[in-house]
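Reviewing the structure listed below.
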Amino acid sequence: MRNPWSTTLLTLSAVVLASILLLTIIRSFMTRQLDPKGCRMSYMRSSFVHFSDFDTEHTRFATKYNLHLYREVGVDEDARVKGVPVLFIPGNAGSYKQARSLASEAAWYYQSHISTRPEAERAAKLPFDIFTVDFNEDITAFHGQTLLDQAEYLNDAVAYILSMYHNPTRSLRDPTLPDPSSVILIGHSMGGVVARTMLTMPNYQANTINTMITLSAPHARPPVSFDADIVNTYKEINEYWRSSYSKQWGNENPLWHVTLISIAGGGLDTIVPSDYSSIASLVPETHGFTVFTSTIPNVWTGMDHLAITWCDQLRKSVIHALYEVVDVNQPGQTRRRAERMRTFKKWFLTGLEDVAERVLPHEEPKTLLIVEDSDNAILAQGERLTVRMLGHEDKPKAYLMPLPPHGGAEKRRFTLLSDQNDATIDVMFCSVFPPQSGQSAALFSMDMDLSGDRSGSTRLACKSAMPDLVTLPASKSNSQFPFEETQPFSYLQYDLEMLSEHQFVAVVDKATTNTEGFVIAEFSAVSESTVRTNLDLQRLLTSGMQLKLPASRPISMDIKLPALHSSLLAYKLNLASHGCGKKRELFQPLLRQYITDVYESRFFVNVKDADISLHGVAPYMPPSFRGKSPTNGLSLQFWTDPTCESPLDITLHVDIMGSMGKLWMRYRTLFAALPLLVVALVLRKQFQVYDQTGVFMSFSEGMNQCLHRSLAVAVLALTCLAVSLARASQASSPVPQSSLIRQSNATETIIDYTKNDLLLGSPDAFFWFLIPTFGLICFGICTLANWFILVITNIFAVLYGRLRSLPLRSEEARRTPAAFAVTTTRQRIITTSILLLLVSTVIPYQFAYLVLCIVQLATCVRAWRLTLDTNSDTNYNFYNYAHSLLVLMLWILPINMPVLVVWIRNLAVHWLTPFSSHHNILSIMPYILLVETLSTGRMVPRLSGSKLTYVTNCAFFVLAMWAAVFGVSYAYQLHHFVNGICAWLVLVHLSTSSALASVYFFAPMRD
């Protein structure tokens, strides 16, 4: 039992299986279900203006942080402000220079596009003054106080920025325009969270922020929960936003004028899970939404965590959208909130979403179309329009499609797909306009006479549908990726109810020379274009999905898969076409996978096989602000050539190997917390046996015995708990949004936003098997970590043995217990007092914890060296005790390291102001006392026959359960829980007279 290397065949088998599982997860994460990278590089000629006068008179952080203004060389090099203020906020360890891609695009776009427009069109536009902040690459993801410090500094910076526009010597703005009263914010990563924090700070000036765009920002929950301050700060910020948007009246809501757009990078972002970018639990859809870069038109690609700041396609979309919402005639420098939201939806959504607004119903007829009855094609009712070549004639040609009768029992819709744009085609919805001499010029802004001045013509009053045109990635035989630089497809879709006032659809071929291209338009029944499956996950796992689309089918078809909503699963899709016979295919199949709870769409061109993954229902995510669970699931929208008249076979199955990689991003923190379940159960077993037999077994032997029973029972109990929590989460009744608005201050009592914080964090009981899987992996990790610590201990023990005298003299063989201590009692008291004083004033307790880990390692090395020299049972007991506590402390060390890194980073930038947090000496004193006690060679007394043994037993059992249930969401609590256990062990050490008299458990060495 005392052998530190004791290993059974069962333990070895478990370690091998755990290693295989862990390596499979990591390999899957790195090699399977990978999105293609399609970002094009951006270029700029940057210069920065540093505002040295933004000093300590304006902010107390002036010596740590700096404010800069971007200027593009060759475009605008004047240091004075002149336009609309925009503030870029870098993220965790980010650089202020990350603003240059967006700022460069803003400068060039204004010069080349906006400044050349007619005066009336550019009257409300001015160039952007893009400011950026140098945080000295501060680390905000690990430290809540740093996040608050940055938010305070930024509010001071906003006040300073706005004050410059009031100063004629620093501003070139037209004095007839109102001075800006608000700043547009763009935040990357944690910079997006800092942006939201600004509105909750005491120094925030009301209405100085009304528009935010964040890039890969973890809004929903902190990336790691190792720091109490970051967890509590997130809680306070999110509660503020939720309660604000739950007010009954807009004038009671301090955020009523604020719009927030969260842009996520998708699967390529391996720094922050893109699930965390969702603001569905924070902001109603009237004020913001979450969109993925693969959704945004003409971007259509995922992005990693850094590429999202410089990707050329995305920066164009962001800057163009911001220029469209700008109105310098307003003090806030932007349009009204509803208009801003409408603009952002136009630029960032595909246009196929239910919330996408159509321009056509709100427009008046502006075109008078005159067509000849005989020459221009009027299709039969219900006939599909197919144009395989444009520009047959030397003049524009119109094709008229009569609208089906309204009011039928079956819903119908109009769809059109073309590889042309508005330069060669025009689509209008028309009604017959009776001849009214002299009035057409006044009623219509454009006449389109295609009659050739012949008699027998028809006059139509038309609305153009081109503002509603949706761009789709081109899908041709040579297409590989949706983000290729080719002319995109054009698509229109309207429900027939929206067209009730019209009689015809006019598709105008404006080409005057033969042009390669196609146009397909049709009216189809909604029931024919939608397939809803009742397939559940169990059936999908066992047999997959096989679906055959009929030969006679609409252009676009939607397959609804409501059961597929988890972000933990990936799928393989195969599409088999039966060819087009002798006909030439107009285009290759195009696939869009999408979910609607957040706006994530992914496109696949020329599709035959596709890797399907989504950011749907994810672990530990709070429920939606709407108060209802997502139910739409995954949808697959296909565009196929209907003229081929051949069936299409679709198969879908779960990609098990690809799904394993999805676990890594969602459960990384779990592998830091859950191993404490194993460590705590082993220590519990060790103390049980020690109190009963007087033998403190080795950690390895404790692992062997726990694997047989206690660990299996704990995993079984946790599995049942996970299933119960998932069912309880699903059973919670949804609350309509209207009731949330009526009950202004009751949001938290209506919706429990923490219900997914525990254990696996999954509201889906299907994933119960993850508990035994992760339990096995963590057992393997603990075993390997224990072996590694043993190796290190043995190496240092050998070195320690060589540094001292080789064999011990007879008088040293009978060394006293005090010989084990390397310092005197007085020295230890002085050292401990100085350490506690530093912790309470200058250094965080995490630094002291690191020192204690080193001291404990040294104690283990000396204990092992002495054990090898003496081969004494009591020395084996002490070594095994010290080693087990070292293992426990080393598992707590990762929880403390991030804050320590922040502190060291502050020292590196010469920010010597002490931390305002992490100076509680009670958070470290029990650790210090216990480690100091062990450094003198004291063995913990036995509690056999006493009821106090149950305290030790229960303490380690509760620690094990706490680590499993609360460890991921509240990892910082584990430090304090173990701190309490250390306090108890110190009391046990002091509980006997033998301990007080410094009677040590060292036997004399054998001769």
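Cβ coordinates come from backbone N, Cα and C, glycine included.
Taken straight from TrEMBL:
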type: DOMAIN; residues: 81-324; note: domain 'GPI inositol-deacylase PGAP1-like alpha/beta'
type: TRANSMEM; residues: 664-683; note: transmembrane segment
type: DOMAIN; residues: 670-989; note: domain 'GPI inositol-deacylase transmembrane'
type: TRANSMEM; residues: 706-726; note: transmembrane segment
type: TRANSMEM; residues: 766-799; note: transmembrane segment
type: TRANSMEM; residues: 834-858; note: transmembrane segment
type: TRANSMEM; residues: 878-904; note: transmembrane segment
type: TRANSMEM; residues: 950-972; note: transmembrane segment
type: TRANSMEM; residues: 984-1003; note: transmembrane segment
How about the transmembrane segment (878-904) and the transmembrane segment (706-726): at least 3 CB pairs under 8 Å, pairs 6 or more apart in sequence, or not?
no
Could you pull out which residues elsewhere in the chain have a CB under 8 Å from any CB of the transmembrane segment (766-799), counting only those six or more residues past its ends?
4-5, 11, 14-19, 21-22, 537, 566, 568, 663, 667, 670-671, 674-675, 677-679, 682, 699-700, 703, 707, 711, 714-715, 718-719, 722-723, 726, 759-760, 857, 860-861, 864-865, 868, 883, 886-887, 890-891
Can you work out which residues elsewhere in the same chain, 6+ from the ends of the transmembrane segment (706-726), have a Cβ less than 8 Å from its Cβ atoms?
8, 10-11, 14, 677-678, 681-682, 684-685, 758-760, 762-765, 767-768, 770-772, 775, 779, 960-961, 964-965
Counting only residues 6 or more past its boundaries, what in the same chain has a CB within less than 8 Å of a CB in the transmembrane segment (664-683)?
25-26, 28-29, 224-225, 270, 273, 275, 567-568, 618-620, 699, 702-703, 706, 710-711, 714, 770, 774-775, 777-779, 781-782, 785, 884, 887-888, 891-892, 894-895, 956-957, 959-961, 963-964, 967-968, 971, 974
